[in-house]
Each structure stands twice: as structure tokens, then as C-alpha cells.
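Trainee: Quick one: the structure is below, questions incoming.
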């Protein structure tokens, strides 16, 4: 059975997307790119650009499920808030199209794709290229989104992945 996964790396200015097909244990590249918003635009306009852009990706590539990177808290509270709003817009766009959504932290993505949680972005990009047999390196935000999609492909086949699609987590063998 084939699955098509849309991975999203949310950003307040650039939101990356990556689409892969999963057939058995094979992962195949479908598409990737970025949705860009204008930095000086009002928040409502930027949210609309994100929702419309994600809907266009969904309508074009018809994914069966989606994965989204979780927001990290950084030293700048305003930047964290903006990133959270962009992420909320992405989540809204996905659920409005009735896609099941799983969430992964940056640490989980790096561990899944590279094997260690403190891997630099360049190493993540390198592994995305290798895992999907790409001829070139995608733009950074698109590569991150492909890494999120690959992480979901790696985690979603078993029981834990099915729980993640329902928004549930397992830690230390316990449902949290």
C-alpha cells in the first residue's frame, strides 16, 4: 500500500514543504519547495498566504497524511510567538483538508534522519539527498520539510506512529 506524506517546516517568513511517497520500505521524492511571506505584511495576510499555499500543495500532490515540525522556544520571545503563529496556520491548513497530522521535534527529526540529535543542518540536508536519491540539494527549508516527511515515514508504520497521528505520545513505554 502506498502512502503520500507531506512534511512541513513552518517559518514566519519561509515555510518549507516536502512530499514523498512511501511504498513498503522505499521512500520516493515527489516534490519540495517553499511558501514565502513578506516580512512587512500584517500577520493576517501572512497567515492567509500560508494557508492558501499549503492548500495549493495539498490540492496538487494529494498527500494522505502530514507531519509538522514542532516549535522550539528560542531566546527571542517575539520570534517564538511569530513561529508559533505560523505553525498554527500550517496546522489549520492541514486539518481543514482533513489530513491526519503528526508532530515531531527537531531533535526527533535529526535522530531519525541522521542518527544523532545534534546534527548540523548541512548533515541533515546531505542525508535527505542520500535517502531520496536526489541529484541536487534542495533549498534549506524544503530539505528540512523533506526530513520531517522522512521522519514520519520512519515512525508511522508501527503502533507509536499511529498514536502520533492521533496527537498522542509515548515516553518511556508509557502513553503521555
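Indices start at 1 and increase along the chain as displayed.
Using the three backbone atoms N, Cα and C, a Cβ is placed for every residue, glycine included.
These numbers come from a predicted model, not from an experiment.
Among the features that Swiss-Prot reports, Mg(2+) 1 binding site is placed at 9, 141, with the record citing sequence analysis. According to Swiss-Prot, the feature active site maps to 9, 69, 141, an assignment based on sequence analysis. Per Swiss-Prot, Mg(2+) 2 binding site is recorded for 69, and the stated evidence type is sequence analysis.
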Trainee: Can you check which residues sit near residue 141 (Mg(2+) 1 binding site), meaning Cβ under 8 Å from its Cβ, same chain, 6 or more apart in sequence, and list them in order?
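Mentor: Same-chain residues close to residue 141 (Mg(2+) 1 binding site) (Cβ under 8 Å, separated by 6 or more) are 9, 11, 14, 15, 16, 34.
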Trainee: Can you tell which of the binding-site residues (9, 69) has the fewest other C-beta atoms within 10 angstroms of its C-beta?
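Mentor: Selected from the binding-site residues 9, 69 on minimum Cβ neighbours within 10 Å: 69.
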Trainee: Using DSSP and collapsing to three states, where does residue 9 (Mg(2+) 1 binding site) fall: helix, strand or coil?
Mentor: strand
Trainee: Can you check what DSSP calls residue 69 (Mg(2+) 2 binding site), collapsed to helix, strand or coil?
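Mentor: In the DSSP reduction, residue 69 (Mg(2+) 2 binding site) maps to strand.
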